[in-house]
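Copied from TrEMBL, the annotated features are:
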- B:4-64: domain 'HTH tetR-type' (DOMAIN)
- B:27-46: DNA-binding region (DNA_BIND)
Number of protein chains: 4
Amino acid sequence: MEKCDKKETIIQAALELVAEHGFHGAPMAMIAEKAGVGAGTIYRYFDCKDTLIMEIYGIVEERFVTALMEGYPEKGSVRERFLHMGAVLVRHLIAAPLELRFVEQFHNSPYGVAHRREKLFGEREKDIIRELFDEAKQQQIFKDLDLPILFALSFGPLVDVSRDHILKFINLTDQLIEQTVGACWDAVRR
Amino acid sequence: MEKCDKKETIIQAALELVAEHGFHGAPMAMIAEKAGVGAGTIYRYFDCKDTLIMEIYGIVEERFVTALMEGYPEKGSVRERFLHMGAVLVRHLIAAPLELRFVEQFHNSPYGVAHRREKLFGEREKDIIRELFDEAKQQQIFKDLDLPILFALSFGPLVDVSRDHILKFINLTDQLIEQTVGACWDAVRR
Amino acid sequence: MEKCDKKETIIQAALELVAEHGFHGAPMAMIAEKAGVGAGTIYRYFDCKDTLIMEIYGIVEERFVTALMEGYPEKGSVRERFLHMGAVLVRHLIAAPLELRFVEQFHNSPYGVAHRREKLFGEREKDIIRELFDEAKQQQIFKDLDLPILFALSFGPLVDVSRDHILKFINLTDQLIEQTVGACWDAVRR
Amino acid sequence: MEKCDKKETIIQAALELVAEHGFHGAPMAMIAEKAGVGAGTIYRYFDCKDTLIMEIYGIVEERFVTALMEGYPEKGSVRERFLHMGAVLVRHLIAAPLELRFVEQFHNSPYGVAHRREKLFGEREKDIIRELFDEAKQQQIFKDLDLPILFALSFGPLVDVSRDHILKFINLTDQLIEQTVGACWDAVRR
DNA sequence: CATGAATGAGATTTCATTCAT
DNA sequence: GATGAATGAAATCTCATTCAT
């Protein structure tokens with residue numbers, strides 16, 4: 001097993017355990033066992049548990065962005081791009097229930113807040129979502145609301161319905177997904 | 001200090017600590033210290049930590065329902081009632097930031113999910129929100145979507161923006177609140 | 001309820017709880033509840049838990065001696081008195097299973113040993129059992145063994161079989177009791 | 001120090017503390033300190049305190065059986081074997097005072113009773129003692145009494161005198177031991 | 001590099017005892 | 001006298017982290 005593989009294994013084990021049992025239910029020893037490595041080995045790859053969690057979050061987020069980019073209609077209208085992004089988001093969350101659960105755990109931890117703050121106001125390179133929203137505001141397609149509010153209107157419901165689907169409270173079909181994303185569009189569009 | 005006061009004090013201390021530092025950051029000893037009581041005293045009022053958390057959730061939920069009812073225009077149109085409820089919700093969440101943070105912690109715990117499941121499908125007396133939504137669906141004012149999806153479109157964003165306000169990512173004025181709730185209305189209405 | 005009654009009630013409650021659940025399973029609060037008194041009340045009658053236990057032991061022992069004296073054939077032969085005493089002992093232990101269990105708990109506690117030491121060598125007035133055994137040794141009816149050994153041969157088995165009866169490992173009939181006591185007589189007699 | 005040594009050390013420390021101060025007087029922290037290990041280390045070897053106690057009991061019992069077998073005259077008469085077994089029993093108990101005290105503590109705990117029940121009625125392979133007693137009953141050498149009663153007559157006194165010796169109430173010489181075991185023989189033989 | 005036994009601080013919970021009412 | 005709420009020391013057990021092998 002190569003070095004990279006070992007790190008991957010640890011991350012996957014931690015992701016699953018945190019998603020399934022929460023932070024409480026994912027002690028380092030259990031992560032190590034599930035990953036099939038020694039407990040001390042984890043510390044060769046991560047400074048401490050917090051670092052491990054943070055890094056997993058980063059990876060999950062990246063996979064997430066990658067997913068969003070697949071088939072992204074860069075030349076399409078704002079509406080086309082919005083609908084595409086929303087549908088892809090829901091499909092990704094549903095396809096990766098562990099990652100959704102993990103992200104929710106993460107957001108309610110102290111560093112979750114810090115991370116969100118940095119994301120909203122930090123000096124990060126503009127990502128594709130920001131670009132779309134900025135453009136939509138500039139062209140007065142979107143309502144004149146702060147970015148966080150527009151984000152909330154767009155993605156808040158999508159995350160919620162994805163979780164409800166995973167928990168089997170509802171059953172999201174493709175049609176239902178489109179209708180829901182359409183409703184979000186109604187919320188933000190002028 | 002009276003008996004009732006002491007229980008209240010404990011609840012308040014736990015609420016604050018959980019809201020601020022998460023479940024991890026609220027050990028019983030710290031709750032006791034913050035409440036100014038002995039560690040064992042908590043166990044006169046609550047069987048165990050879980051019970052304490054659950055009871056606090058119940059109280060917070062109740063306060064919440066009470067707040068929603070204040071000035072509720074029972075005779076108003078569906079739209080009027082929806083807008084009122086949304087605005088009141090946001091104002092309440094903003095006015096009780098600790099409770100919002102607490103509820104978010106709670107929802108991502110094992111009993112949080114169980115609680116949500118019971119609420120959606122359980123035989124609880126129909127609450128006022130369900131009534132409003134059922135009526136709106138029946139009259140074909142709302143889109144023809146499952147109840148959980150309509151809930152998500154209505155309240156998901158409101159909770160999100162409230163949190164962003166508390167974290168000072170945005171500053172919600174009365175006007176902004178109304179605009180945001182209006183956007184949610186756009187999302188659910190046919 | 002009179003003062004004396006209250007003390008009695010406490011003692012009975014403690015006796016039952018200790019017998020049934022051991023010292024571990026008999027906290028003061030539980031004793032108080034079972035006795036129907038306040039937790040603090042116990043301390044009006046007993047200095048501390050140890051004192052309570054000791055006093056109960058004294059009472060049980062006394063009841064026990066009283067039982068031994070019932071129908072005691074003072075004028076009978078050593079053998080007659082021995083057999084009577086043994087049979088009465090077993091019947092008493094069987095009739096008062098709580099007391100037997102209590103005594104066994106007691107004997108394995110630190111003060112149990114101290115108590116036994118004092119009993120064997122202390123300056124206590126000679127009790128009826130000592131008298132019988134001393135007489136039997138003097139008349140060379142018993143084997144020439146130390147008193148503790150003769151005690152062990154006489155009563156050790158009787159306590160054991162009584163416990164086995166209580167635990168339903170065996171079923172002691174009158175005949176069986178007599179046979180067993182007879183066997184103990186065979187052990188000690190010359 | 002090797003792995004095996006560490007477990008041994010913990011067992012020895014627990015054995016001594018329980019024997020000396022009872023279950024009450026042997027908290028895990030004290031056991032750890034006496035064993036010279038960290039408090040958490042104990043839990044690498046034993047699931048919980050109960051497991052630790054049970055395992056110690058098993059070890060003590062095994063040593064005990066081993067001791068009984070030393071020099072056992074398999075070809076001897078029932079009487080020879082009985083006398084040998086009794087004497088060896090007493091010598092072993094005296095030589096291992098901690099183990100005797102421990103066993104007595106154990107027997108008066110909830111699992112102690114369960115263990116005894118299983119031993120008397122369970123489907124365990126017949127041990128050497130059962131064999132001897134069954135043979136003696138079949139050949140009508142022993143009185144016609146239930147097995148538990150014969151056990152009580154045989155071993156009850158021996159355990160008692162051993163404890164008295166350890167507590168220095170008496171001083172058991174070889175001759176005294178033989179006489180006492182002889183008295184037990186008188187009790188059970190027809 | 002990898003391991004996993006060892007650690008000990010810290011978490012939850014219990015309970016003998018006190019003391020204001 | 002009687003009460004029982006309050007206490008806090010102490011018990012059991014967990015787990016992030018280290019370090020000798």
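Just so you know, glycine gets a Cβ as well, placed from its N, Cα and C.
Curation plays no part in TrEMBL annotations; they are all automatic predictions.
Long-range contacts of the DNA-binding region (B:27-46) within the same chain, counting only residues at least 6 positions beyond its ends with a Cβ under 8 Å from a Cβ of the stretch, are 6-7, 9-10, 12-14, 16-17, 52, 55. Here the domain 'HTH tetR-type' (B:4-64) has a mean pLDDT of 94 out of 100. Secondary structure of the DNA-binding region (B:27-46), assigned with DSSP and counted as helix (H, G, I), strand (E, B) and coil, comes to 15 helix, 0 strand, 5 coil.
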